[in-house]
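Participant: Okay, these came from TrEMBL:
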type	residues	note
DOMAIN	B:139-201	domain 'CBS'
DOMAIN	B:202-258	domain 'CBS'
TRANSMEM	B:285-306	transmembrane segment
TRANSMEM	B:312-338	transmembrane segment
TRANSMEM	B:359-380	transmembrane segment
TRANSMEM	B:386-412	transmembrane segment
TRANSMEM	B:433-450	transmembrane segment
There are 2 protein chains.
Amino acid sequence: MEPKLQRLLETIRRLLRRGATQNISRLLGKIHPADIAHLYRYLDPKEQQELFNLIREPEVAGEVLAELDHAFSARLLEQLTGVQISIILQNMPYDDAADIVQNLPEDLAAEVLNLMKDEDSEEIEGLLQYEEDSAGGIMSTEIFSLREDLTVKEAIGSIQKADDVEMVFYLYVTDEHNHLVGVLSLRQLLTVSPATVLRDVMIRDVISVRTDMDQEEVARVVEKYNILAVPVVDESNKLMGLITVDDVIDVIREEATEDIYKMAGANEEELLLGNQAFKIARLRLPWLITNLFGGVATGYLMWLFKVTIKDVIALISFIPVITGMGGNVGGQSATIVVRGFATGKIDMTTLRKVLFKEMRVGMIMGVVCGLTVGLVAWGWHHNPYLGMVVGLAMTVAMSVAATMGVLAPTFFKKIGVDPAIAATPFVQTANDITGILIYFATATMFIQYLK
Amino acid sequence: MEPKLQRLLETIRRLLRRGATQNISRLLGKIHPADIAHLYRYLDPKEQQELFNLIREPEVAGEVLAELDHAFSARLLEQLTGVQISIILQNMPYDDAADIVQNLPEDLAAEVLNLMKDEDSEEIEGLLQYEEDSAGGIMSTEIFSLREDLTVKEAIGSIQKADDVEMVFYLYVTDEHNHLVGVLSLRQLLTVSPATVLRDVMIRDVISVRTDMDQEEVARVVEKYNILAVPVVDESNKLMGLITVDDVIDVIREEATEDIYKMAGANEEELLLGNQAFKIARLRLPWLITNLFGGVATGYLMWLFKVTIKDVIALISFIPVITGMGGNVGGQSATIVVRGFATGKIDMTTLRKVLFKEMRVGMIMGVVCGLTVGLVAWGWHHNPYLGMVVGLAMTVAMSVAATMGVLAPTFFKKIGVDPAIAATPFVQTANDITGILIYFATATMFIQYLK
């Protein structure tokens, strides 16, 4: 935490305790809204609500809300009256306002929309039609565009008059039916003669996305072409909105966090639950219970080999290392494939290469780890055959695990199940089972040398 | 893969096989450089080099290289003569050129810098001074700034004359010593009278970063304030360069991939190694071998309980589930903490809350899973005491695992070791060991009821 913020936090806490509401309001007027939002991480729920109620200007309140999670923002607003809420939301960009309205209780949302100016509520209701994770769901509709038959002079005139539009740096050009036909930079306008018609100077090859494109896909387009904003069009190429790169950054962060959480069987919705342990546990349990039955299945397999184990009790010393290493290697391969799918670096065309690479890598690592653990087993239990059995089982188990690590997420992707969440329990259980099978099958085969 | 790219790929492959170099060159002139770079994922090394050599315009070659990984770009260039390389690099932004020069063999780098215009090589050598992961290392130095004593009219004049600068949308204002003193948007310039002096209209409160700031920190600043670019200053506030949000996106993606890979014990450098299985295996092995010895240690512990196991062989059926579930729960908590550290959502101030939350969550999940597996054990082996022992051990092991999952990454962060890489093997081994200890200690205690 930065020292500046630390001091601010302490001041605000002190003032809250003293009930010095006037001073807090004055202080909040002087802080960047992003910094106010940042402080929310460190406040408890009561302080969060109190602080929010003390923000005087609706613009600042709106900016703070836009920085916070939308579900959380909705909860902060619920404490206010419908009129207050509608004023704050009308001071926010429509896309953020729509996301918050979506998270309000239905009655309250309807009331708030009713209280707004028709113009505002219509825009917001329009945005509510789109899927939350689609280009339409994250676009801003306050977009500045110019007709292609304007002259440069007229264009500059309308830029001077325009206000309240999201940062203007690309100027989108449309035809008379509002179809997107070109793009210009503001700087370009300044470098041609004032009488030029936009149609003659604009760049016709505009990169755009459709309203129904998935937000991850949008992020990839923006990233690939290194653009600062991408216009959003409907199926007939009508200009509907704009997605700026700061929204794209949020998408990239969110999706990365989501994938990381999912691979561990956690859930990014937890972030909204604060310290509600029961709700968090409920989110994580289905994944854990799946793993639990995988573990029981592995145990059942071991039980089938109980005679072998009773005969050669030394075999138990290598159960954890064989199942553990299979899980690790499988996890590595699965991670590479899942992340590759997410970033677009791996697709079905390049998958075969990845599979063969991971198989080779798994085999090489399997030989190294097999030799290592084999020598350990030989030295420890003074039996070269035990070393051989353990080493061989480890090598085979690791090679199989690497293969499985590629195949399982691919399979889940093909059948339309998110590989990030399904891969781990499946890979782990499959690897435990094959590891144990290979280990005890080899051991049973060589049983006379092990006793 | 998009159908358009798919067709392009097939065409290029066909033309390469036919040796129709003329046609390829012509085709490459018509494709967006980002698309050419995209094709590289699907080509084999020989095709990659051939295709690169067929790009005629040095600008296009430069743009393609800027989209590819820098180490990979350097390898593509190595095949050319020093003169050719220097021409291409001089057609790229200095920051990308510097990153590539850094990856060239030392002799070749020196030769190339020698062949460049002094102006260019000085800029590049200046950039080479900065750490690769710092603001200085990723900033672009082609920055457009205006003196504070200019009038708006003069400012617009110099914008019209300027070319070859990175997208202009924020105009940075400096004093006579090149200190950053303000910022303006291009649109603002158009809305005030031409005679106004910049000093009187600029915004004085500019968000900037220092050249030595870590790139992750830079990403967080840009993200927090939703800005499209951030100026970079030296310790005396002199304007040195600019970081645009598209560079920030690369940083965020890279860091997320790096963390995801590290947590699985893989390495993001693998991405540069293509299919070189031996080198990849060497990168992953140290982490695996650490885990291997963790597994052997767990096995040694089990060996100590061999009498108990021989007495009650049914106990073996629950070894995989107890160690596995501890690892899973510990992994969940560790993932949340490691990701929280990375995104800045968790810091030492909020850690205590996270710890208590994870402990409560772990306990709740431990009770649920303990009951489940306890009932399974009872039903399977027809012994309620076995059910009790297994269930109890599971509950305790999972609670401990969740606690460990928070403490281990915190400990590693405190002593300056990357928690992403260190947490997993440590958490896993610690959990296996405590799981086994708790399980067999409970079992030994109740041994007379289990037989």
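Quick reminder: no glycine exception, Cβ is built from N, Cα and C everywhere.
Note: TrEMBL annotation is automatic and uncurated.
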Participant: Using a Cβ cut-off of under 8 Å, list the residues of the same chain at least 6 residues beyond the transmembrane segment (B:312-338) that approach it.
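Facilitator: Apart from its flanks, the transmembrane segment (B:312-338) reaches 259, 263, 298, 302, 346, 351, 354, 358, 361-362, 365-366, 369, 373, 377, 380-381, 383, 386, 390, 393-394, 397-398, 400-406, 408-410, 419-420, 423-424, 427-428, 430-432, 434-436, 439-440, 443, 447, 450-451.
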Participant: In terms of Cβ proximity under 8 Å, which residues at least six beyond the ends of the transmembrane segment (B:433-450) contact it?
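Facilitator: Hits for the transmembrane segment (B:433-450): 294, 297-298, 301-302, 305, 308-309, 311-312, 314-315, 318-319, 322-323, 325-326, 383, 385-386, 388-390, 392-393, 396-397, 400-401, 404.
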Participant: Pull the DSSP breakdown for the domain 'CBS' (B:202-258) and write it out as helix, strand, coil residue counts.
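Facilitator: Grouping H, G, I as helix and E, B as strand yields 25 helix, 16 strand, 16 coil.
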Participant: Residues sitting near the transmembrane segment (B:285-306): Cβ under 8 Å, six or more positions beyond its termini, same chain?
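Facilitator: Distant Cβ neighbours of the transmembrane segment (B:285-306) are 265, 319, 323, 421, 425, 428-429, 432-433, 436-437, 440, 443-444.
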